[in-house]
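As recorded in Swiss-Prot:
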type: DOMAIN; residues: 1-56; note: domain 'IBB'
type: REPEAT; residues: 93-133; note: repeat 'ARM 1'
type: REPEAT; residues: 136-175; note: repeat 'ARM 2'
type: REPEAT; residues: 178-218; note: repeat 'ARM 3'
type: REPEAT; residues: 220-259; note: repeat 'ARM 4'
type: REPEAT; residues: 262-301; note: repeat 'ARM 5'
type: REPEAT; residues: 304-344; note: repeat 'ARM 6'
type: REPEAT; residues: 347-386; note: repeat 'ARM 7'
type: REPEAT; residues: 390-429; note: repeat 'ARM 8'
């Protein structure tokens, strides 16, 4: 498998690679289900609902539109509030198009500049917030009318309610796409946003600011790290608070900041957030557990030293809890992925996983869990086999990992088949040593000429599955299967054939009368 096309493709996503099939793996785009799931869509854009008893209108009629162009301040505030309320209610998609078609967006942007009317600024910012929460086309309208620069300026408003609403508006704009995010960053929004996270800020401001920060840090292509890493000190303070929503947004920001090079990972480590992240990985709320766990998972894709930092902070007992508990599929999958990157490390790190009693939980998931979870559990075990010592591999065999690995040889995921095949090959190699005279004293087992791991694979119906892979369309899988069969079973078949030949005999009484080309043996033996 080394040097093969399959592994070269897989390795392109690694942070580091160990010999064999294993290696630390960055999260692949097709693995990131939660980024496409509905529960995270709420992170990207949020529409603010109407306050109780807000003045409202039944529809956007011409009279209401004309009021927006009035010179009377009180009438402007009332009309803007009514339109904003329409944008908070039902039929949002219809209402936002009506507002845009009526040409009201540039008027709302103009109201943002009226510093002598903070109430009008607030209502206009709220209306723009909800417009930007719509489609990408809706967001583009807000951007195209110059709202971003003015919103960033309003982060310095003396009025808390205005600043908080502006933070929300910028969060919706930056959450639309990487291009919109970069426009907001390009207007130097981040430094002013970080100023909102002071000790006197209300919880609602902290929550909104953390959410907007997460949107400024997310997306592919990623934002310039030297720009967004300025948020790390603030995030390190926010993560020490207790509000569930605030913690979730803060952890998501850390997910995005830790997703990348070892230099990025090191910056997150140096922000002193890892111990708190590990504690949050067993939080009561899945909305906090998921991003906390994913950040930990990102960190252990780094080098051995960075991975060891997480181990030293006692992450493994938390991971055992997540693997054994009744958590949702996403959390169990994330936990397995995290462990797989730890078992891709050095042998002492593999041993730390063993000592934490994680292997039984992995084997259980490998046998009984859903496909995605099973795949990550397989990677965790196969990485340990790839980089483990013979003694460590023997330990995994005793944990009964062979049968579930054999069962995966028939799955449709060619990368996973290859990984399991390589793991079984390593197991067979260890079994060969085990059966040789050199094994005596190492495993303290009786000497035998039989490869016990080959027997276990046969009992698990693995031999017939490996034989079936000789017709696999993937050339690497085919070649590896053939090599395994030639190395560990062909010789056995030859020995059996020889034994059968040795069993052919003639009765002793008739031996002298055995016919030959020159007569019987007795005749050939008689002399003159």
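Numbers here mean position along the shown chain, with the first residue as 1.
Glycine too: its Cβ is placed from the backbone N, Cα and C atoms.
DSSP labels the residues of the repeat 'ARM 2' (136-175) in these numbers: 34 helix, 0 strand, 6 coil. Within its own chain, the repeat 'ARM 4' (220-259) has Cβ neighbours under 8 Å at 26-27, 29, 43, 178, 181-182, 185, 190-191, 194, 197, 203, 206-207, 210-211, 213-214, 265, 267-268, 271-273, 276-277, 280, 283, 285, 287-288, 291-292, 294-295, 298-299, counting only residues six or more beyond its boundaries. Listed as Cβ neighbours of the repeat 'ARM 5' (262-301) (distance under 8 Å, sequence separation of 6 or more from its ends, same chain) are residues 15-16, 24-27, 34, 39, 225, 229, 232-233, 235-236, 239-240, 244-245, 247-248, 251-252, 254-255, 307, 309-310, 313-315, 318-319, 321-322, 327-328, 330-331, 334-335, 337-338, 341-342, 345. Away from its own ends, the repeat 'ARM 1' (93-133) comes close to residues 45-48, 60, 65, 68-69, 73, 76-77, 80-81, 83-84, 86-87, 139, 141-142, 145-147, 150-151, 154, 157, 159, 161-162, 165-166, 168-169, 172-173, 176 of its chain (Cβ-Cβ under 8 Å, at least six residues beyond either end).
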